[in-house]
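Visitor: According to TrEMBL:
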- ASP145, HIS147, ASP220, HIS403: Zn(2+) 1 binding site (BINDING)
- ASP220, ASN260, HIS367, HIS401: Zn(2+) 2 binding site (BINDING)
- CYS28-CYS104: disulfide bond (DISULFID)
- CYS59-CYS70: disulfide bond (DISULFID)
- CYS160-CYS165: disulfide bond (DISULFID)
- CYS166-CYS191: disulfide bond (DISULFID)
- CYS533-CYS537: disulfide bond (DISULFID)
- CYS543-CYS555: disulfide bond (DISULFID)
- 24-108: domain 'Saposin B-type' (DOMAIN)
- 1-18: signal peptide (SIGNAL)
Amino acid sequence: MRFLILGFIVGLFGNSLAGPVQLDNTNCTICELLVDAIGLSLDNNTVEDCVELVVLIVCEALKIEDERVCKGIVSEFGSEAMYILKALIKEDPRNLCGFLPIGCGYKFDPKGFRWPLVMPGLKPNHEDVPSPPKNQTLKVLQLSDLHIDNQYLPGSEANCTEPQCCRSNNTNVEKAGIQIPAAYWGTISNCDLPYWTAEDMLKQITTNHKDIDYVVVSGDLESHAVWTYNTQDHANMIQNVSGLLRKYFPNTKVYFALGNHEGVPIDNIAPHWVPQGNLSYKLYDVIANAWDGWVPDDQEAVVKYRGCYMVKLYPGLRLISFNTLYGDPNNFFLLLNQTDPDGAMSWLIEQLAIAEYEGDKVQIVAHIPGADGEAYEGWAINYYNAVNRFEDTIVGQFFGHTHFEQYYMTYADPEDHTSRPTSVIFSAPSATPYSTYNPGYRIYTIDGNYTGSTYQVLDFEEWYFNLTAHGNDNHTTWEQLFASAQTEYGLKNMSAYEWNNLAERMRNNDTLFYTYLRNYYRREDAKRPDLVCNATCKAEYICKIRKAHHTDNLCKDLGITTEVQTPILYQKQIKYTMPNISTQEEALILIRKIQEELKGKGKDADQC
């Protein structure tokens, strides 16, 4: 049931602000008639006072497909969702229509949609740094999006009708019996990674890659069974995964960043101005404890306040773990105020300024990139501007979230892709096979720890597990997807210029483009239509590379003038039926009828 509730909430709170909304004025008018009629029917109470009852009335009026959805919003997500609804309805009761899946769109602009931060100091003149020799190097393992499912059951239904499959209680209601049995090591479907496969991956890495100097984990440890989320299970998962990494990397530092699936509910981290923010504070306490020994003692307070930290890795090199949930458009609380939640973006800029002043380089590990409609524009453009201001200080940006093997460009002019490329943001492959991928991990080679090191990323290699071929083998077979990104894509070096040039070369080179596309999905063997890409499809992939923030200007030459978004895999399409009303009198008659029905079920305005 919690999936239906959460799918409903994600649909209402999240996607409506991530990109353009197709408005349906008729639906808006009907909804507003209903809300106005509700206000008239509540006697001495206000819509704000009776928000829980109002949600039930509107859901009944729209004949939401599953009655449990509306009831669930009230009963199971009251403290989070109701806090937001009350605040927005207080401004204007008609704002409620913006939350409903009726194509009405938001009639309000969340506060602080653009909140430009001033970058400190004068930016030094940029000078291209020649690629250093690969005599002394460091190896950095990146793991991302593990999404471990402790309820994974081999032989269960992989083609189920629920959003999370390969579990004991899954069925395919359209067909009798098991249609596609879940493989032992994992299944390419809506199935997450078995715990034993995650452990086997770490065992294989420590056996075959004995030269790992440190590990970065870019978030999302929990499964996609978002309707089951609770703080205790999340705490257990964080502790267990941390313990697993300590077991296999006892003498190697590991640096985590928070993912959106660490939130309870998913995507939600309450800034400190929210009275109901206790869940977030407990999460921060959990990670501070789980990451003890990896995070410096002087950063504990920062972790417990905003889920971020900075660590000095080597002389001249720092790593910043950055909490991107503060820019997540599916974070309910940001609907009330997006402006620099808990000062996280200001903190990042301050850390970069200190590093620049002291002559240090910085790597950033984080989860959600600003591209693909995955972050609010206010957040995305501030991060973008910070990267441009400190482009000669930042030497690595290691993200995840999308599950794809992909990258994003930043440009000196954020609105012009022909301006000088300033950085490349790497998004590593997911360990989970959820949806359409083989599990994967990445190892970077960076300039080593010596006097005068640039700490630049020199190359990376990718490894994967072909579940289609080996999912039921007696042992795992982790294979190298490619040994060198430079060789795979014909890059002269790993500079932003070369990565941007790769995107331009792919426009006219189908062989190169399909190499990128196969790696994007880790060469899944199954025949899929998304590996057959026409000109428009190719343009969309290239557009994604260019857009590290929301703008219509970076892809006009590709024929794309609207936001290209990555679909939310766990979202359920909510069905509804608009009532046939055209006047306030008709709306009031309908509302009073529904109120009488709810009164018979113990839901009365007197209880507001």
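From the backbone N, Cα and C atoms, a Cβ is placed for every residue, glycine too.
Give me the structural setting of these features: burial, nearby parts and distances.
Guide: Of all Cβ atoms in the protein chains displayed, 28 besides its own lie within 10 Å of the Cβ of ASP145 (Zn(2+) 1 binding site).
The Cβ neighbour count for ASN260 (Zn(2+) 2 binding site), using a 10 Å radius over every protein chain in view, is 21.
The number of other CB atoms found within 10 A of the CB of CYS28 (disulfide bond), across every protein chain shown, is 19.
According to DSSP, CYS165 (disulfide bond) is assigned to coil rather than to any helix or strand.
Sequence-distant neighbours of CYS191 (disulfide bond) (same chain, 6+ residues apart, CB-CB distance under 8 A): ASP149, TYR152, ALA158, GLN164, CYS165, CYS166, ALA182, PRO433, TYR434.
Within 10 Å of the Cβ of CYS533 (disulfide bond) there are 16 other Cβ atoms, across all protein chains.
In the three-state DSSP assignment, the secondary structure recorded for CYS555 (disulfide bond) is coil.
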Visitor: Averaged over the whole of the domain 'Saposin B-type' (24-108), what is the pLDDT?
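Guide: Taking every residue of the domain 'Saposin B-type' (24-108) together, the mean pLDDT is 70.
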Visitor: Counting every protein chain present, what is the number of Cβ atoms, excluding its own, within 10 Å of the Cβ of CYS59 (disulfide bond)?
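Guide: CYS59 (disulfide bond) is surrounded by 21 other Cβ atoms within 10 Å.
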Visitor: Express the distance between the Cα positions of ASP220 (Zn(2+) 1 binding site) and CYS59 (disulfide bond) as a whole number of Å.
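Guide: So the alpha carbons of ASP220 (Zn(2+) 1 binding site) and CYS59 (disulfide bond) sit roughly 32 Å from each other.
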Visitor: Compare the C-alpha of ASP145 (Zn(2+) 1 binding site) with the C-alpha of each of the recorded positions CYS160, HIS401, CYS555, and give the closest one.
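Guide: So, spelling it out, the nearest of the recorded positions is HIS401.
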Visitor: If you run the three-state DSSP split on HIS147 (Zn(2+) 1 binding site), which class comes out?
Guide: coil
Visitor: Using the CB centroid of ASP145, HIS147, ASP220, HIS403 as the Zn(2+) 1 site centre, which other residues of the same chain sit with their CB within 8 A?
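Guide: Sorted by sequence, the hits are SER144, LEU146, GLY219, GLY259, HIS261, GLY400, HIS401, SER430, ALA431, THR432, TYR434.
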